[in-house]
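Taken from Swiss-Prot as is:
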BINDING   ARG24, GLU81, LYS120, LYS446  (6S)-5-formyl-5,6,7,8-tetrahydrofolate binding site
BINDING   226-231, 245-251, 270-273  GTP binding site
BINDING   ASN226, THR245, VAL247, THR250  K(+) binding site
BINDING   SER230, THR251  Mg(2+) binding site
DOMAIN    216-368  domain 'TrmE-type G'
Amino acid sequence: MSSSASTIVAIASAAGIGGVGIVRLSGAQSVQIAAQLGIARMQPRHAHYARFRDGQGAVIDDGIALWFNAPHSFTGEDVVELQGHGSPVLLRQLVARCIELGARQARAGEFSERAFLNGKLDLAQAEAIADLIAAGDLRAARAARRALDGVFSRRVDAVADTLTRLRIHVEAAIDFADEPLDTLGGNQLRDGLGQARNVLAQLLRDAERGRKLRDGLHAVLIGPPNAGKSSLLNALAGSDRAIVTDVAGTTRDTLHEAIQLDGFELTLVDTAGLRDGGDAIEREGMRRARAELERADLALVVLDARDPQAARDAIGDAIDAVPRQLWIHNKCDLLGNAVSLDANAIAVSAVTGQGLEQLHIRLRALALGDGVDSVEGEFSARTRHVQALRRAEQHVDAADLELGFEQLELAAEELRLAHEALGEITGKLSADDLLGKIFSSFCIGK
C-alpha cells in the first residue's frame, strides 16, 4: 500500500559537479510526469534515451530514463530515475520542471520513509542506508551493509518471537491460576526465559560493538602537566597536531583528533594537565578536561614513568566514572631499568616510539572488547538500538523475578514491555515523532 498519494521528486546524486546526475521521482504520477518531460512509451526496467524538455519544448538536458514499476522498486511505488549530466544547474531545473508537472519536493529521507511504510524494509534497515552512506571506513561500511541486509533485524525478530511464545505460555497459565505454577510447566517456562535472556545479552553486546563501529569511541588523554599527553597524541595521530613545549600548562584547551585502528575510529582528546593552582585560563582548561571525562568511553591516563605518583595525586577521583581506563607510563626511555606494571598499564615513549605498537593493540582491544578480530556477522547499530535492547533485558529480568513469586499477570506485562522495546528497533512499534526524527537525518534524495 502506498504511503502517500503525492508524487515526490529530488536530486538523488551527490551534491556538487559530477559526470552523472540523477533526479528521482516516486509516486503514482511518476510515469505521467516522465512522459510530459518527453519520455514516451516507457517499459519497466528498460533504459530509455531521451531529451528532457521544459514547458516550451526546449531541451533541459539529455540522458537515460529508468522506470521501476510498483511494487518492484525501492519505495514500493512507481519510481522513475532521470540520469543526465551532473550539473547542479541542470538538475535543479529538471526538478523544478517535475514540480510544475505535479510532483512536490521530497523531504529529507522521504524515499526511505516510503520504503519503510510500504514494507520494503524495516526501520533498522532504513537507518542502515544512512549509516552505509556515512561510513568512514571499510569495516563500518561492511557492518552497515549487513544491517541493511537484515542481519540485525532477524536476530531482533528471533528474540521477539521467543518472548511472544513465552508470553502465550504465561497467559495460558493465568487462565489456570488455581493450579501451582510448577504443574503448568513453570520450570520449563523459567528455563526458556533464561535462554532468551542469554540470547538477548549476546545481542546487546554485539549491538554495542556495532554502535562503536558506527560512532567510534571517545578517548580522553588525562594527566598532570608535562607528562607528554600532547606528544603522545601527535605520535598516535602521525602528525604534529598538538603544540609541544617543556613549559608546564602549554595545553589550555581540548584538542580532538580522530585516528583509525584497523578500520575502527577512535577520537583522541588532548586536555590541559591537571594540577593545583594555575592562572584563570589554565583553570578553565582543567575544568574542560574534567568535562570531557564525563562523556569519555575510555580514559588514557598519561604519566611520567619517572614519577607515577604525581599523576595519581593530580587526578584523584576524576576518572572513577570512566568505564575503561589505561594507565600509560610515558617517557619510559628515560628509565634505567624496566618497571613492573599492572594489567591496566603500559610503558611507552612518545619520542622514540617504544611501546606504541603495543599501545595500538591495547587501544583496539579496549575499543571493541572481546573478539576484536571477529568481524564476521558484525552489523552497525545506533544508540537508540542499544537503549531499546537494555530496556528489553531489564523487562526480561523483571519477568523472571515475577515468575519466581508466581505473579503471572506482572510477568506477562513485563514480557509485553520487553517485546515492545524490541519492536521499536525494527519499527513494528514506533511513534510517529520517532520516525520523523530518524528520517529527517537522511539525505534529501534517499
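Placement of Cβ uses the backbone N, Cα and C atoms for every residue, glycine included.
The candidate set comprises the binding-site residues ARG24, LYS120, LYS229. Of these, LYS229 has the most other Cβ atoms within 10 Å. Least crowded of the binding-site residues (ASN226, SER230), judged by neighbouring Cβ atoms within 10 Å of its own Cβ: ASN226.
Secondary structure from DSSP puts LYS120 ((6S)-5-formyl-5,6,7,8-tetrahydrofolate binding site) in coil. Secondary structure from DSSP puts ALA272 (GTP binding site) in coil. The CA atom of LYS120 ((6S)-5-formyl-5,6,7,8-tetrahydrofolate binding site) is located 57 Å away from the CA atom of ASN226 (GTP binding site).
The most crowded of the binding-site residues listed here (GLU81, ALA272) is ALA272, judged by how many other CB atoms sit within 10 Å of its own CB.
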